[in-house]
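Below is one structure; the comments refer to it alone.
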Amino acid sequence: MTGRLAIEDVRPRIAGGSQPSKAVIGEMIPVSALVWREGHDAVSATLNVISPTGEVTRTTMEPAPFDQDKMFSSFVPDALGTWKFRVDAWSDPMSTWRHAVIAKIEVGQDEDDLFNDLEHGAQLFEKAAENASKPTAQKLFAVADSLRSNQPLRARVAPALSKEIHEILHEHPVRELLTRGQNHTVLVERKKAQFSSWYELFPRSTGGWDTDGNPVHGTFSTTAKALKRVAAMGFDTVYFPPIHPIGEIHRKGKNNSLIAEANDVGSPWAIGSAAGGHDAVHPQLGTLKDFQALVSTAEELGLSVALDLALQAAPDHPWARTHQDFFTVLADGTIAYAENPPKKYQDIYPLNFDNNKSAIYAELKRIVLFWIAQGVTVFRVDNPHTKPANFWEWLISTIHETHPEVIFLAEAFTRPARLYGLGKVGFSQSYTYFTWRTTKSELEEFGTEIAAMADVSRPNLFVNTPDILHESLQHGGRAMFAIRAALAATLSPLWGVYSGFELYENEAVSANSEEYLDSEKYELRPRDFTAALEQGDSLEPYLGTLNAIRRAHPALQQLRVIDFHSTDNENIIAYSKVDPVSGDAILVVINLDPTHAHSATVDLTMNAIGCEDVDHFTVTDLVTGAQFPWNKRTYVRLDPCADVAHILELPVVEESKRKALSWRTPTDYSN
């Protein structure tokens, strides 16, 4: 406590206030604080919001919906940049007076008993009028006059206790013992940092086959043609694994073989050869000019190109000749290759960020700025948790000084301390453990956690990756692909699909492995998407439906507000999402069993969707268009042979109830 009144536990407050919390333009940001004082006099608080240009707005806070010890409000930023907010506490003499007068009248005290109270009230209303507009001031002076009049007691106080005057005082409070809090920061990014649908493909696999049926190496030109299908499915970010020259020394062969054949293309993550390094493109893909044309084509289709930022090098990367101090040099004079004992990665040299810090920092900044100059504003960062956190904090903040639109996604499958730590130092998005959350209880815990951590980290839920083919997809049949897509597309506003998912690719390299057989990481994998679609053997239409629903419904574009509802079947999960800005509301009910039909009674927590327990309403299934009557307890049946999920449009939440729905019990960000 630093002032006359106590202001504690202000949220959001990240890393002790040393890091900004996260938000995007148009998002409702809930703010809370514990405000208290001695005795029985009422206290209140003001939320002061300072925009990046210095414009200040002030809002009187209210008691939190489910925690009367906390004061609560919110704001919606409308511009990029660093915003600030401050909670000021103050004694609320008007509320104290109001409470005392009502209590005294209720026990039978008369005008004489209340003489001092009435005069004190009149003075308070005159004070409130000092900073009000002329029409409002006239109303407040009239209340003061009424309190001093000779009318019967209840008539004298009626104007002071009216709803209209109460609302006026909320906007024009009398503040005493004002105690200023500390400033806290919020980094506001563009909406794409929070809401986007990603599709991953290897440009080199877009070349099709030759007349003998052999794969042909793709180019940026063939990739541009492939983007039309991606855009038609409703994806808005297309992510390419590294597009740079691939090392030839210790090149990996098919299925991660240590011995490469003459025509093996190697792993794109083994970056660098005689043809160049991180600022070059693979010669077989085309030229830098061809890449620029690809970016332009993507933009015309409504797609952003995301590039892989893999900070490592092949043994024949130019750095290995010109900057050996970027690496760890062993006693025998050789450069240390990557190891994760007992695994060895002879085709990759990891960087040593402690050898020549200034040079390596400058070089990596140059590379990022180089690709920004080519039109890239989204980067998927490979294994950032294996590089120093202070490097990322420096790089991201430095890039954002001149390019605040740039988005960094952390590909970090790691423990919470690292995962959330990367969010704190600046990453806009992160991969998560969604892939391994398959049961109802696991998904409910996961969904609750990602919403609670929205001020720190934004989860991008990929249903598969070139590295990860989960056993549920290997053995769950085609319905499981739809189930996982429905979960990913609705649990988080960020989700992603790696190419081949829509073709139900499910064959692992071996039993108990999550690696794909004939992994695209090591060979060309052209696919005939058109034939599969024509044969009805493709998930493309369903993916397109999911993305269309997401674009149409703000409830699925926000992360903070999600509530899980009770069902009496462990195979049926139900959750609602509400956008507190627009009031848009969605209910999702999914059968988690890909092989059997299941039924359940869904027991809604009605206030979580802005309804009363007695309400009845009609919902529309946004997948099928069917309509159903709905109430607090409703029977559902889902057969994976027909529909794995209901995605239901609920009645729009009344405006007066929306802000309260954004309240969440503050989370401990220390983990």
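Just so it is clear, glycine is given a Cβ too, placed from its N, Cα and C backbone atoms.
Cβ-based neighbour count (10 Å, all protein chains) for K252 (alpha-maltose 1-phosphate binding site) stands at 26. Look at Swiss-Prot and you will find K252, Q312, D347, N383, K521, Y522 tagged as alpha-maltose 1-phosphate binding site, backed by sequence analysis.
Reduced to three states, the DSSP call for D382 (active site, nucleophile) is strand. The Cβ of D382 (active site, nucleophile) has 19 other Cβ atoms within 10 Å, all protein chains considered. Swiss-Prot lists D382 with the feature active site, nucleophile.
The local packing around E411 (active site, proton donor), expressed as other Cβ atoms within 10 Å of its Cβ over all shown chains, amounts to 22. Sequence annotations record features per position, and here Swiss-Prot assigns active site, proton donor to E411.
Residues or ranges marked as site 'Transition state stabilizer' by Swiss-Prot: D467. Same-chain residues at least 6 positions away in sequence with a Cβ under 8 Å from that of D467 (site 'Transition state stabilizer') are, in sequence order, E514, E515, K521.
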May I ask for the distance between Y522 (alpha-maltose 1-phosphate binding site) and E411 (active site, proton donor), taken between their Cα atoms and rounded to an integer number of Å?
19
Distance [Cα-Cα, Å, rounded] between D347 (alpha-maltose 1-phosphate binding site) and D382 (active site, nucleophile):
16
N383 (alpha-maltose 1-phosphate binding site) to E411 (active site, proton donor) - Cα separation in whole Å:
5
Listed binding-site residues (Q312, N383), ranked by Cβ neighbours within 10 Å, top entry
Q312
What does DSSP call E411 (active site, proton donor) in the simple three-state scheme?
strand
For the C-alpha pair, I'd like the distance in angstrom between K252 (alpha-maltose 1-phosphate binding site) and D382 (active site, nucleophile), rounded off.
18
Which whole-number value in Å describes the distance between the Cα atoms of D382 (active site, nucleophile) and E411 (active site, proton donor)?
5
Around Y522 (alpha-maltose 1-phosphate binding site), how many other CB atoms lie within 10 A of its CB?
22
C-alpha of E411 (active site, proton donor) to C-alpha of Q312 (alpha-maltose 1-phosphate binding site): distance in Å?
14
